[in-house]
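> The following block contains the structure, expressed as structure tokens.
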Amino acid sequence: MDASTLFKKVKVKRVLGSLEQQIDDITTDSRTAREGSIFVASVGYTVDSHKFCQSVADQGCKLVVVNKEQSLSANVTQVVVPDTLRVASILAHTLFDYPSHQLVTFGVTGTNGKTSIATMIHLIQRKLQKNSAYLGTNGFQINETKTKGANTTPETVSLTKKIKEAVDAGAESMTLEVSSHGLVLGRLRGVEFDVAIFSNLTQDHLDFHGTMEAYGHAKSLLFSQLGEDLSKEKYVVLNNDDSFSEYLRTVTPYEVFSYGIDEEAQFMAENIQESLQGVSFDFVTPFGTYQVKSPYVGKFNISNIMAAMIAVWSKGTSLETIIKAVENLEPVEGRLEVLDPSLPIDLIIDYAHTADGMNKLIDAVQPFVKQKLIFLVGMAGERDLTKTPEMGRVACRADYVIFTPDNPANDDPKMLTAELAKGATHQNYIEFDDRAEGIKHAIDIAEPGDTVVLASKGREPYQIMPGHIKVPHRDDLIGLEAAYKKFGGGPVGQ
């Protein structure tokens, strides 16, 4: 596309150079800039990428978007705008022909449950023989092909490229986990959502948002930014068991479908049966009651299942068809995942990293604990420490507790575990400043019949260490290796 055509959509302050050049790519990553691409510089939290403008020029890039004039070679065109990342979003969607308009787009937000609901929607679509894509905490996936991702919600240009990739691969729908950070930072500008889903709102990320009010407002942006065009078939799916849903109803003009277990809703779960092999329940709907069976464990996953089913149903698939698909869904990686059922202990990993998430996790497993419940939890570095003692208190619902760091970054691991220990309600706990050693200890003290829960990381494949260096780490592999060494079995797979 000709750059002059591309920039007709943008109000610019000044153009230094010529826009008469062909553009086939846009990037905010200086390492990928080249001839034919636009490099968009921005001022980030730790890096101002304007300093890389000459480097991208040396790589052949002839057009940069900046917030103030740079000292560059004369053959490099500079487009000066007030908000470079907002412009990046407009340019990306224009250049790639508004890819989110070309498929059904589901957006899932909430403190807990985003990954599970989004993955369930994707897996249901696949069981229905529909081409589907997923983007979120567990990476990027088109049908069964997976790639890793850095953030739950990538920056705006990368996000647009992922949607374009899904469209080019023939995806009929795409499900995105929508983080509060991504909403506030404008990473989702220009994405046309067809269905917006809310799971819950509990304390988290106050290091970024400051207050629960600001955090809630951030989540609400997904719904308020659906637009006002009532000729479009857009829908909202809300959890009536969370009171924040009442507010979300007021910020969107589109039809709302509610679900709940404890509070009255249009879609409800009754006669719930739970085991470590899954759940079953009566799905009470405006159209009748259906029996639902699922391999997912825990009452909270019933809420997630209902949200996913309603979202897919809202776009035209019958409930009967969806319910059949749900019976045979694969596990959501790292979410109440039972590792190797042949072991004499129940070894479980989960991503729960808030007090609310931990409470729900313990509620789910406690009825099936045959002997002791051993619970390991970590606290992340450079995060909101006001939630930490409450996490320690909840962890002490278990018989024995292990406190570790989780992505300590530049914080002292001993300080993080001490903050968790402040909430301890009994003395049956131990602190480890090395998470891997904490996991090995959990297995070492476990006896046949015990349940060992490794919480807060799921299958996250790294630890963030000082200098924000990512060091390879897998709770599941460390736990399994220790369990096989003690009890026999294996080998550990990748």
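All positions are counted from 1 along the displayed chain.
Note: Cβ is positioned from N, Cα and C throughout, glycine not excepted.
Not my notes, these are from Swiss-Prot:
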- GLY110, THR111, ASN112, GLY113, LYS114, THR115, SER116: ATP binding site (BINDING)
- LYS219: N6-carboxylysine (MOD_RES)
- 406-409: motif 'L-lysine recognition motif' (MOTIF)
> Cβ within 8 Å of the ATP site centroid (GLY110, THR111, ASN112, GLY113, LYS114, THR115, SER116 excluded): which residues?
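For the ATP site the neighbour list reads VAL108, ILE117, GLU177, SER199, ASN200, ASN304.
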> Reduce the DSSP letter at GLY113 (ATP binding site) to three states and note it down.
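Going by the DSSP assignment, GLY113 (ATP binding site) belongs to neither helix nor strand, so it counts as coil.
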> Which whole-number value in Å describes the distance between the Cα atoms of LYS114 (ATP binding site) and the residue listed as 'N6-carboxylysine'?
12
> Where ASN112 (ATP binding site) and the residue listed as 'N6-carboxylysine' are concerned, what is their Cα separation in Å, rounded?
12
> Using C-alpha positions only, work out which of the binding-site residues GLY110, THR111, GLY113, THR115, SER116 is nearest to the residue listed as 'N6-carboxylysine'.
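In terms of Cα distance, the residue listed as 'N6-carboxylysine' lies closest to GLY110.
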> Quick one: give me the count of other CB atoms within 10 A of the CB of SER116 (ATP binding site).
27
> Which residue counts does DSSP give the motif 'L-lysine recognition motif' (406-409) for helix, strand and coil?
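Secondary-structure composition of the motif 'L-lysine recognition motif' (406-409): 0 helix, 1 strand, 3 coil.
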> What are the non-local neighbours of GLY110 (ATP binding site), defined as same-chain residues 6+ apart in sequence with CB under 8 A from its CB?
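Residues satisfying the criterion: ILE117, ILE197, PHE198, SER199, ASN200, LEU201, LYS219, ASN239.
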